[in-house]
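Here the structure is laid out as structure tokens; the discussion comes afterwards.
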Amino acid sequence: MIHRVARNLSELEAAGLRQGSPTQSFALNLPGRIIAFVCAHPLKTLLVAFCATLFCGLAALTNLQFKSDRSDLISPDAKFHQRWMEYCERFRESNELVILVEGSDPVLRKQAVTWFEKELLSRPDQFKNVLTVDSFYAPDEALEFSEQVHLLTRELQLTESITQSNAAGSPLLSLLSISEQELSSSDYGSTPDPLLVTNRVAKSLERSLQEIDHSFKQFFPDSVTANEEFWHRYVGSPDRQEINQSESAVNSTADRSTLIEAETTDESSLITLVPQTETIAGGDKYQKTLASLHKIVSACRQRFPQLNIGVTGIPQLEYEEMSRSQADMTLASLLSATGVILLLIFGYRGLSLPIICCVTVGVSMIWTLGATTFLIGHLNILSMAFAAILVGLGIDFGIHLLSSYQDFCSQGRAVDASLSLAGHTVGRGIVTAALTTSVAFLCAGFTEFPGVAELGIIAGVGVLLAVVATFVIFPPLVVLISSKKRTDLSRTIEAHAVKHTAFMNLLRFSVVERPFRTLLLTLLPISGLCLNAWEWSSHGPDCLVKYDANLLNMQPRDLPALETRNALTKNQDDDVLYAVTWYASREQAIEQADRFRKLETVGEVIELASEQTVGFNTYPGMPENGLASGMNQQALQASVRRAVSMESPTLASLPHNPSEVGQRLENILEKLTQTETILSTQLRLEVDHFLDIFAKQPFDIQIQILGAAEREMIRSLWSEVRLIAINLQEHLELQQMYQQDIVERFRSAEGDWLLQIRPNIDVWDDAGLQQFVTDLRTVESDVTGVPIQNFEASRQLKESYLNAAAYAALAIILILMLDVCHKRTIVRVWPICVLAISGIVGLRFWSHWDLASELTLLKLLFAFTGLIVAFSLVMEKRRCVIGLLALLPPTIGAAMLLGSMSLFEISFTPANLIALPLVLGIGIDDGVHVIHDFYRSKQRYTMSGNTCRALVLTTLTSMVGFGSLAFASHRGLAGLGQVVVTGIASCLIVSIIILPALLSWLFDERTVAQSNEDEYKLSENQKPLTKQNFAA
């Protein structure tokens, strides 16, 4: 195999000699030899790559997990996160959902809330802790409940009296006797239900006349006939003749249940519930539950179109945000892929080579997924951004190799020779740029924030795999396509070589001819732009670009959950965020709750510890001071059970005496005449009308009328008692369920008492959140909750990115020193610096053991880097300065990014912070390629055409890729696109204007060291373009 490769290399050099007419031979470097090897064995190489790709793809599909929960981004060792996980374990992570029902009609609102409650309570496997907060529940519901209890007591007493007297006489006569006693009472007018029995007697008598006298409807048109289904449910299956003579005894009760006596100005109702989680983890754990809730809400909107109904809460916000961002990313990916491919086709005047570049990036992405499966095992909502990073950086390597390859093809060289020479020419720069970018990302692994650390590891490994794919996938694909087409691609490339580089050559020569003027004209406005990001105060410079941790500012403006949340905070002065803490002692919980209530930023503290009894008054609508009838809970439940199971008495088989009944009714009429109330007048008219009609009827008809009246009285009384009892039974069952839900929410299984601390300020805003958390920690340092999670996670995220940037900057400087310094300098300087740092650490441990913890890894790396740069500058000043100039694109580009963000009032957010390492990687990539292009030039520096073209195309592809995010409705993704496009555009300006002009100005007459010259020397024919030959 070795002899075969050597023979292929000899043939390659011979081909290069014949086609390119070089004057001397040279040895290819490692990238060039790798490309020569894969070009010699394209099918075998691609077969091995295909097997590796298939293996990585299958491994990722079967074993790679996706954790979409935000808590997965936080270190499990963090104290505040451990407290949160303890809360989730003790109280089952009660992430509340809030259903907001808005409407001016309180009756309609109550019907909608009741319908919601029934639907939600019928799905205990999906929803729990369903609680209702509304103004019509207190005190109106409590009054209604007390009235029903009082009415049930009166009706039960009446039924017992009728049952006891049924053996001695008929129920009709018993009711008439009780009516006379009722009218004889002096205080009947002050009772809650005056003339209850008399009213029942009069109504039953009227109903008994309907079969023989239809004039009743003219005098009393508001009568309601009984419903057969109602009688069948509550009374039995009566005869059809009796149904027509019956009256629904529950008419008045049903009316009372739908009337709201007290008017309220509040036009909204709240239903809080806790969605049940699924077995899967992450943000998708609520997916099925929220989908079911969406169907319920849609059905309620159709049923009550006059009401505005919305759902909000942390689970709903996260679910809608994830759904919207996925849709936006899908659209952005399609636009990005289309734009990049079209741009490469336009830039290289062909379709095959750009497609090969994209295929190479795709293969590297699959490899990265496989590596992620084995190294980490999962992706999170932050590390999933590696795909965008890999597309933005991985395509750069292929473009640089493709540009150099086209340069050699335009000279008439063969395809395989051009590829190998391209690898020899730009391969070292590609490797150096990949190493610096990869190390910059890998340095994020030193941070304490798992989300950033995992992203750094995955992106760093992905960049290295992208380089490998560029060297082993791209060349054999080009060789195979060239052989299949049986045409020389160099002819097409040579035909378009001058057309698409004329503008870039003009730019390069304007920089070379007047470098100082170019620097002056560009640095002045750039300096003004950079200074625009800073404000000078007595404490020093202060950056005007702030960090906005408000997650709501990243959401789409038309997000339904966000609109509902805004309406909730506007009308209810409430929010979905609240802090929690718990105590084992009830007395301590009460004491701490009082202390929390005294804080300025606390609006409400919800707790159960201060309740005297966890019983009846737990449910909104239950009386606070016992039952109106004096019953206790057990007595009421016994009465309800007795009333539900009570059977109607057997009616007497003997007919009634019409004269006796008539005399009794005359006595009642006389007593009604003695009073002048509206109710007594109405009853007097009804009884008088009955007696007039009754007296005109034959004796047998009178007997039938009295029998029908008696049956109507018994049936209406027993049905009303049963209905009231059933309603109270539902109330008691609902109360018991409410009590269980509230106890489950505010008391743990271990007996801990929970406090929910709700703010009275906007805690989504960073300033308000910091003030709220600071106030809470003055009372309890271990307070937790979603606000504390957001506060600590945001701070950790920001600190992690800053630390990662510091590690990356130092690591990049070290790699640049390795790249530009001679081997003898590295061998002399690096061991001395390692010994010096080791001595400092040992001395510090030996002399000040208690202060040894202050020697952090970042401080040691900073000291080591400083020593390396200092000693290297002493030994090789020129080369070290040139190498450090590669830091100009990311440094000045970042400063221009800050100035642009300040100018357009763009803030950093948790979504666009990921742009910083991306801009840093692209900037250092551009700087390294310019420095290596500088070393390859033999005269006064002029940027080569392939390097300039590659830099412009790589930047444009990244701008098109991330610029597609501007179409996203998710403001976080749109802001990410704006920041990345601005940053990489700034790096491009520095790379093709400022850095070349500075190199040309500083090193006007220089000579390249022989050792360095050997690394890049190709042939006399491959010269940098000058004024005399730039058009050739």
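Easy rule for this one: first residue shown is 1, then count along the chain.
Heads up, the Cβ atoms here are built off N, Cα and C, so glycines get one too.
Looking at 795-814, 855-874, the stretch flagged in TrEMBL as transmembrane segment turns out to be 855-874. Tertiary proximity for the transmembrane segment (913-935) is limited to same-chain residues at least six positions away from its ends with a CB under 8 Å from its CB atoms, namely 382, 385, 388-389, 392-393, 396, 400, 426, 428-430, 432-433, 436-437, 440-441, 444, 455-456, 459, 463, 797-798, 801, 804-805, 808, 812, 816, 819-820, 882-883, 885-891, 893-894, 897, 941, 943-944, 947, 950-951, 954-955, 958, 976, 979-980, 983-984, 987-988, 990-991, 995-996, 999, 1003, 1008, 1012, 1015-1016. Using a Cβ-Cβ cut-off under 8 Å and counting only residues 6 or more beyond its ends in the same chain, the transmembrane segment (829-849) has close neighbours at 821, 855, 860, 863-864, 867-868, 871-872, 875. The stretch from 329-347, 855-874, 947-967, 979-1003 with the most CB pairs below 8 A to the transmembrane segment (881-901) is 979-1003. Listed by sequence, the residues of this chain that lie at least six past the ends of the transmembrane segment (947-967) yet keep a Cβ under 8 A from its Cβ atoms are 328, 331-333, 335-336, 339-340, 343-344, 347, 388, 391-392, 395-396, 399-400, 402-404, 426, 500-501, 504, 507-508, 922, 925-926, 929-930, 933, 973-974, 976-978, 980-981, 984-985, 987-988, 991-992.
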